[in-house]
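S.K.: Sharing a structure with you now.
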Amino acid sequence: MKKILITGFEPFGNDKINPALEAVKLIAGRKLNGGEIVICQVPVVRYKSIETVKQAIEEQQPYAVITVGQASGRAAITPERIAINVDDFRIPDNEGIQVIDEPVVAGGPDAYFTTLPIKAMVSEIQAQGIPATVSNTAGTFVCNHLFYGIQHYLKDTNVRHGFVHIPLLPEQSVDGSQPTMKLEQIAEGLAIAAQAIIDNDSDIQQGAGTIC
């Protein structure tokens, strides 16, 4: 039985809710074909985010980890391709920390690629009628910080990891200015992604690039 650890961030900024946390709560304990989902709540705090997930990994000993965060402006579930070694926070984190152009890990590589089968994940999510696409930027806030930090932590292990950004919930954009997705659809997309990880030891060959 392969455990898939899926983490969700707490609310941050002016939001009272974070769809990442709410979605993972909905699928906590879900049984998969050959696996199960376990979850972890993550603080939107620079170094505490990494330490929290590291502790969950040590406790759960998962086969793979999906770290999840919200991304305003996105209309689809978007597995991230790459994490970069830069913290450049546009807003403070939840403890008031706001850093500019500092490394996530001093002396670390410029970037890490995901070790999840992101194209297979996207394909399986799309097959169920849920919008999904590969993303080539995880930003420079705590989402990318966590993505990079956990990739660095797991680099010499067989534990697979990657980050997935998800849209806002309808209640987070009552004026309709931002694309949204229903909570149940987000949760189901994450569960499908978890199953795709179990089913695919390597990624599929399928175009997912962009011009810019």
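Yeah, the Cβs are placed from backbone N, Cα and C, and that goes for glycine too.
For reference, Swiss-Prot lists these features for the protein:
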{"type": "ACT_SITE", "residues": "GLU80", "note": "active site"}
{"type": "ACT_SITE", "residues": "CYS143", "note": "active site"}
{"type": "ACT_SITE", "residues": "HIS165", "note": "active site"}
S.K.: Suppose we draw a 10 Å sphere around the Cβ of GLU80 (active site). How many other Cβ atoms does it contain, all chains included?
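M.R.: Other Cβ atoms within 10 Å of GLU80 (active site): 25.
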S.K.: List the Cα distance (Å, whole number) between HIS165 (active site) and CYS143 (active site).
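M.R.: Rounded to the nearest whole number, the Cα-Cα distance is 8 Å.
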S.K.: Looking only at DSSP and grouping its letters into three states, which state does GLU80 (active site) belong to?
M.R.: strand
S.K.: Quick check for the class: what is the C-alpha distance, in angstrom and rounded, between GLU80 (active site) and CYS143 (active site)?
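M.R.: So the alpha carbons of GLU80 (active site) and CYS143 (active site) sit roughly 10 Å from each other.
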S.K.: Identify, in sequence order, the residues in the chain of CYS143 (active site) that are 6 or more apart from it along the sequence and have a CB within less than 8 Å of its CB; answer 'none' if there are none.
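M.R.: Result: PHE9, THR67, GLY69, ALA71, PHE163, HIS165.
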S.K.: So, three-state DSSP: helix, strand or coil for HIS165 (active site)?
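M.R.: Its secondary structure by DSSP: strand.
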S.K.: Within 10 Å of the Cβ of HIS165 (active site), how many other Cβ atoms can be counted across all chains shown?
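M.R.: I count 25 other Cβ atoms within 10 Å of it.
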